[in-house]
């Protein structure tokens, strides 16, 4: 551990942050401090063993103070004191102080503070939440509290009205903190608590920006926190839309759930030390669910503070959902990989915003737009086209003479600032933009709220337009909008190209993502502090905005988890996760008489157009109604995870850092983590095979139930045996175990690097299907 500190200090002084301009809210960790005093101070989080407090100190606070004073002659103050989920403190330290404290008795580890950057509604009905049964269930979910760690909230928004809500749950112990533009009266029976955490941010950057770009309070200047909160638990708002697009009733997944806001993200990012402090307060306040649309690093668990506090939250019965990241479709790009976090990938919904381009040569091209309306004057007649070229960074410039009055085609690649590109063209007099996100851009074809009328097209379509412009002396185009098209707009769900993928680099045997949920072109509430494009010259102030990213997927799952928790208040986080995973959908949907049904076609991968696999969609796309009544669940307790860490060969000290417990790994058997998925490297199977052991808990209120095992997929490549083949439960909460034996078929040549199947327990004479994915992959590609 002492050697690790030296490595961290080296990285701190000799690395610099890469440019991060994407508004999709995933925060990439970076421990480089950019203020002028970076040569002297760096913020650390010190994790201690509370039992090691020397007896002369009558409190842990005095002990921590002595560690600071003994390491330096200068006065250093605490940023945060941690005494619930973890024990220790955060402070700005010199390299000498850090080295001294790290070697002190009772200090388990020292973590450099890290800056995270944000993973930046038809979706309720797409998920089946408009049927009568779920409407009735939603009305009883008002005792569940969701804590959001994000950019704050705009409390006056109608999505956070408390009409018809019962009194605040008795188990709530939080408060409504005051600050710039925010007071106690901003909270109500919907928004029951709001706090803000900026100590780590101010220590890292040396300031908190002017109110013109930030509020030093729970009030949201960015819009992201307001958006995700409304997706999960927003109150019903009729007549909602983004300037006529995605119109209708907007409401959250769990419209009666309560909202508690923990603002940890500011204009330049979110600091890990502040996130840890927010976790502590959230647990003390009494939240039931934590929703975090930001990403951790891909570090071993004992070096990842977000993993550590999430496990401690799990031990307190708190369900933690997090976004998977927006770095897809790259292999093994998943973040937030610990098995105790429910990691959510991105799927599309069956809604589109088609727009047409009619080129002067007669070719018609379809794109998408939420900024070109049917009534726009731009739809009348033809306009001159100009090719702006390929743009791969924030350094771009155009001639006013060439773009003024024209529609400009731009090809963008990577994480370049597309919103700023549109703003630049508008300021130079362009009348509209046609944009292609490029072959390597992870965002695919998504609708964005540009300040200039914009149509997004695919790569092939962009090539047709480019060829036409370059071959014509006077290229022109007519543009038009078809508004909002739903249900039969396109196959759905599809795994969004930007959604981060497995396998899990931290623990390859744990399937990640766990599930996918709607995250493309999602309507949600918006702040009144900034325009929907977030650029300075955007004077629009809509009530709702349309955004995409795994940030939007996470609150869908948090809201559905709130519904499940309201129906099953005695369920812990593992039961909720199991219910979500084992009932999820792996096939595309179609409509019959306005009812969403599964087809025989697998969910597609947007990046390839081919069938997706569990490393893309996890166990599948969430199905809330089935998750409320899963029949059986894979249960897991805190000790199961301690045993799991032992099996991963973490040392006693590392397990102590992760769990806060002293583990005796010599007493741990050869049992396996009871996870609702099986993932194994093909090299470990061979012809001798490998065995997996799982157990299921009966949560069917009818009590006595029989299930029969069926294996699908893998035939001809691997033999899958299940022992026993039938499970008979005699009462509710009864647990039964079974074995899955996997053997390679003899004489079968390698034809692929990935084999996918599933074990499905069918209820005999009943409706329940409990699905467990089986994934076998080759590490050799």
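Placed from the backbone N, Cα and C atoms, the Cβ positions cover glycine too.
The feature signal peptide is assigned by TrEMBL to 1-19.
Residues or ranges marked as domain 'Inhibitor I9' in TrEMBL: 55-119.
Regional average pLDDT for the domain 'Peptidase S8/S53' (141-606) in the model is 91. According to TrEMBL, the domain 'Peptidase S8/S53' annotation covers 141-606.
Among the features that TrEMBL reports, active site, charge relay system is placed at 150 (among others). In the three-state DSSP assignment, the secondary structure recorded for residue 150 (active site, charge relay system) is strand.
Sequence annotations record features per position, and here TrEMBL assigns active site, charge relay system to 224 (among others). For the recorded site, residue 224 (active site, charge relay system), the DSSP three-state label reads helix. Within 10 Å of the C-beta atom of residue 224 (active site, charge relay system) sit 30 other C-beta atoms, taking all shown protein chains into account.
For 551 (among others), the entry in TrEMBL reads active site, charge relay system. A sphere of 10 angstroms centred on the C-beta of residue 551 (active site, charge relay system) encloses 34 other C-beta atoms.
Here TrEMBL flags 672-776 as domain 'Subtilisin-like protease fibronectin type-III'. Mapped onto DSSP classes, the domain 'Subtilisin-like protease fibronectin type-III' (672-776) shows 4 helix, 60 strand, 41 coil.
For residue 150 (active site, charge relay system), the Cβ neighbour count at a 10 Å cut-off comes to 30, with all displayed protein chains included.
The two recorded residues, residue 551 (active site, charge relay system) and residue 224 (active site, charge relay system), have Cα atoms 9 Å apart.
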